[in-house]
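A short write-up of the structure that comes next.
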Amino acid sequence: GFGSNPTSPSPTTAAHYLASKCVDTVKHRQETKWFMPWGPNQCDKIRTFDEAMAKKIEANNIVFAVHIPLPNKEMSPWFQFMLVILQFDIAFKMYNQIGENQSMVTIDVGLAYRDDTLSEWTEIAHSFEQRKLNCNFTTAKTFENEGRYYECDLLPFMEIGSVAHKYYLLNIRLPVNERKKVNVGIGEIKDIRLVSIHQNGGFTKVWFAMKTFLTPSILIIMIWYWRRITLMSRPPVLLEKVILALGISMTFINIPVEWFSVGFNWTWMLLFGDIRQGVFYSMLLSFWIIFCGEHLMDQTERNRFSVYWKQVGPIVFGSFCLFIFDMCERGVQLTNPFYSIWASDVGTELAMAFIIVAGICACLYFLFLCFMVFQVFRNISGKRTSLPAMTKVRRLHYEGLIFRFKFLMLVTLTCAAMTVIFFIISQVNEGHWQWGEHTVQVNSAFFTGIYGMWNLYVFAIMFLYAPSHKRYGDEQSSGDAGANSGEDIQLTTTITHVDGPTELYKMTGKEAQE
């Protein structure tokens, strides 16, 4: 695929940060103060908590500060999004163990930005978040092993949908309140580590270039296709309308609106991208059902959209559910970047269930499509029995048509299989349990490949299914499509193969008339 090309830059970059421990010395804390881990006006730091104990500094007065990016680097709008993952380093102590049942950490976190090193920090968001600790201690819990670290799961921390500023600062506090049991029983936290993942600027540019190049090509063939249909003397059939709709939804996904996200701070870009993809998914899946169905029906039932509501209904419903699910995560993140559906137990179970159901539905859809294609093949083989009665030239012509059509059907199935696999992978990737650099990377490279494949497929379908306007005049007069319209015309169609599948489309539906 396009994305697997080794010269194309890798899609994402991960950077690792260790939070500095700043001391908030002011007795009456002002909320507006931001603590910088390094640089000219950096905070008073301590190395370890033992040092804090010695200096009689309370836990509530310690602020973990992280500056993104690392010193002497800056962020850029080309990074598109930023995902931050949190990891606690927790040491084992006999008298301060992590609670056996649920251990919730309460995090008081603020995010700020500035665009040059001299100006003040401006707050973007501030939130009190809860995250569930999931830690294992691999050796025996004895005095000898004190000071060894627990192995803790990575925790989803923050996601922002546009990287509009150069510098970001996170200030994290872990407020302790014995009475309210806030941050009690979470072990001895030694350090906080963060991993920030963002898209690579180089990859973003390649991706934009690809979209910018593909948009006009699909647009041009769509206009050409529609012209072909309007030139005909008959109204367009359902299949032709659906193909046009598919072209429109492909263009909708192609239009590189993302160019604007570089100039403007549009945080809703990720959500908008998801919606565009959802519209395209439902269109593509519906198209495949109708495409196969129209080659199965008898002439009498054809051309009515209402026949397909049983199949198209669930597809639209499924897409709507995906949209709601997406709004629950991405929608809320527009106002609170620290929100994560995975932070609560109920949310995790719901999200897991949702992803599993979506995966199963995608597989069932694929099986159903295979079954339909199988029926179409059977239908065509039935039609082949009438071929020997034709003259040799016509028979060869039809054999060619059938071969070409079967090839198109197999391409459709391959395309569907890839789409289903991609859909499942991207759903699983949304899940927090696989957040390494690795999976995110596979996702983007795979996406460019799938994306190119969709464009090629839509292009091919429009090219093959455009009616050739030269012949429709003759046909209307001769009544029955191919049966008695003279060998000479048949010979010319062999040359103008563009008419291919439409002729086959007529042939598969002929029973009703004969």
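Glycine is treated like the rest: Cβ placed from N, Cα and C.
For 21-199, the entry in TrEMBL reads domain 'Wntless GOLD'.
Annotation source TrEMBL lists domain 'Wntless-like transmembrane' at 200-469.
Sequence annotations record features per position, and here TrEMBL assigns transmembrane segment to 206-226 (among others).
Residues annotated as transmembrane segment in TrEMBL: 238-259 (among others). Taking Cβ pairs closer than 8 Å, the transmembrane segment (238-259) reaches residues 80, 204, 207-208, 211-212, 214-215, 218-219, 221-222, 225-226, 229, 269, 272-273, 276-277, 279-280, 283-284, 286-287, 290-291, 294, 302-305, 454-455, 458, 461-462, 465, 467, 505 in its own chain, all 6 or more past its ends.
According to TrEMBL, the feature transmembrane segment maps to 279-296 (among others).
Annotated transmembrane segment per TrEMBL: 308-325 (among others), in sequence order.
Annotation comment: TrEMBL describes 350-374 (among others) as transmembrane segment.
Residues or ranges marked as transmembrane segment by TrEMBL: 401-425 (among others).
The annotation transmembrane segment is assigned in TrEMBL to 445-466 (among others).
Within its own chain, the transmembrane segment (308-325) has Cβ neighbours under 8 Å at 275, 278-279, 281-282, 285-286, 289-290, 293, 351, 354, 358, 361, 365, 368, counting only residues six or more beyond its boundaries.
Averaged over the domain 'Wntless GOLD' (21-199), the predicted model has a pLDDT of 87.
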